[in-house]
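Asks: Copying in the features that TrEMBL gives for the protein in this structure:
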- 438: active site, proton acceptor (ACT_SITE)
- 50, 302: FAD binding site (BINDING)
- 173, 174, 175, 176, 177, 178, 179, 180, 261: NAD(+) binding site (BINDING)
- 41-46: disulfide bond (DISULFID)
- 4-317: domain 'FAD/NAD(P)-binding' (DOMAIN)
- 338-448: domain 'Pyridine nucleotide-disulphide oxidoreductase dimerisation' (DOMAIN)
């Protein structure tokens, strides 16, 4: 039986981060992966989505801003096949980069489904291997929609396999996946609708962000269907899908894509042969050090109840290897003040508590909120006046910044640096003391009154 210092089950962001760091320290490492190397992020998530977002951003620039900047483009044609070559080529190069790192760090890659035989033994393709330390990093997959006609429904994984654009599509869901993809395909010329169960999508985000996003989506021509309950789907004689919502046929489309959440990949891992515990949602139960109830077995990334973000999984995986193989004092990481971006149109950036969360936690009398609405120079000069809205949520007399939120062009690239400031305990006075960079959108965060 082969023995390893570390085995990671999953070759995505978290598992690869842990494995490569251990390999850099000369440890004997194995990765087990039954899907594409790079996991969801590289193959069906962050990477292809961001390239798609860029394409949609270019389309918006041509249509909304080009004419007022003197560019005439009356018959612009979007070649989807050319776009696919560029997008999928980038995905392929990213995947190859992962494999090259495995080779460089001497990591053994096993292709197939992993199953625990005991706390430290794993069966893969009929072979058993032993790991002194094991990390479960199996991620999640789209949650299936349970309604009549669900066999007609596709999911985010399927979208990135489309070989041609549909004429029309309905996205159903209120999370970032449904929002981002709906806006991408709307910008690329598809007749697109977005349906969700409550008054607005992204309900866990600050109300200022979602209210303004709703305005932007509606003005872009994206069809919005709030307070929607899906009853069923059926194929009509023309081959289209009729969507029965709230008791009536509300819309007929070529494709339906559900983005109603994701479920953990923890079934058939043989966890019943270990001391690892799952919660009611099927997530692996861990403590703040990412340790399961089985000594030497850890879990990270989307398969645990922590923020489902690629950089979070990478940081957790690397930290475990630093702890195990480089004398780091702990395998825990900090989960507060994680910068988050929604690649919507316009993009959203957020760090820390929403205004509502801050008031609930600290009391309204201890919270001061600063807001600013403005129109970027890009938008104002271009004639398409899309507003930007920024907010600072401050605590106590010193006005420590505990929440920072923005929606508007460029926010996605601004937010990282403000995350550093908040990690260091920045106050409103600290922001006020900074000399602004002009003319930029970022200066609005340090000039609020």
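Cβ coordinates are placed from backbone N, Cα and C, and glycine is handled just like the others.
Surface or core, plus neighbours and distances: that's what I need for these features.
Replies: Under the DSSP three-state reduction, residue 438 (active site, proton acceptor) is assigned to coil, being neither helix nor strand. Residue environment of residue 438 (active site, proton acceptor) contains 9 other Cβ atoms, counted within 10 Å of its Cβ in all protein chains.
Applying an 8 A CB threshold to same-chain residues 6+ apart, the list for residue 50 (FAD binding site) reads 343.
All chains included, 19 other C-beta atoms sit within 10 angstroms of the C-beta of residue 175 (NAD(+) binding site).
According to its DSSP assignment, residue 46 (disulfide bond) is helical.
Per-residue pLDDT, averaged over the domain 'FAD/NAD(P)-binding' (4-317), rounds to 96.
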Asks: On a C-alpha basis, identify the one among 41, 46, 302, 438 that is nearest to residue 179 (NAD(+) binding site); the candidates are the recorded positions.
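Replies: Of the recorded positions 41, 46, 302, 438, 46 has its Cα closest to that of residue 179 (NAD(+) binding site).
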Asks: Return the residues near residue 261 (NAD(+) binding site) by Cβ distance under 8 Å, restricted to its own chain and a separation of at least 6 in sequence.
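Replies: Once residues fewer than 6 apart are set aside, residue 261 (NAD(+) binding site) is near 142, 143, 173, 175.
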Asks: What's the most sparsely packed of the recorded positions 41, 46, 179, counting other C-beta atoms within 10 A?
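Replies: Fewest other Cβ atoms within 10 Å, among the recorded positions 41, 46, 179, is found for 46.
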Asks: Would you kindly give the Cα-Cα distance separating residue 438 (active site, proton acceptor) and residue 177 (NAD(+) binding site), rounded to the nearest Å?
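Replies: Rounded to the nearest whole number, the Cα-Cα distance is 34 Å.
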Asks: Between the two most separated Cα atoms in 173, 174, 175, 176, 177, 178, 179, 180, 261, the residues recorded as binding NAD(+), what distance in Å do you get?
Replies: 14
Asks: From the DSSP assignment alone, can you count helix, strand and coil residues within the domain 'Pyridine nucleotide-disulphide oxidoreductase dimerisation' (338-448)?
Replies: 40 helix, 35 strand, 36 coil
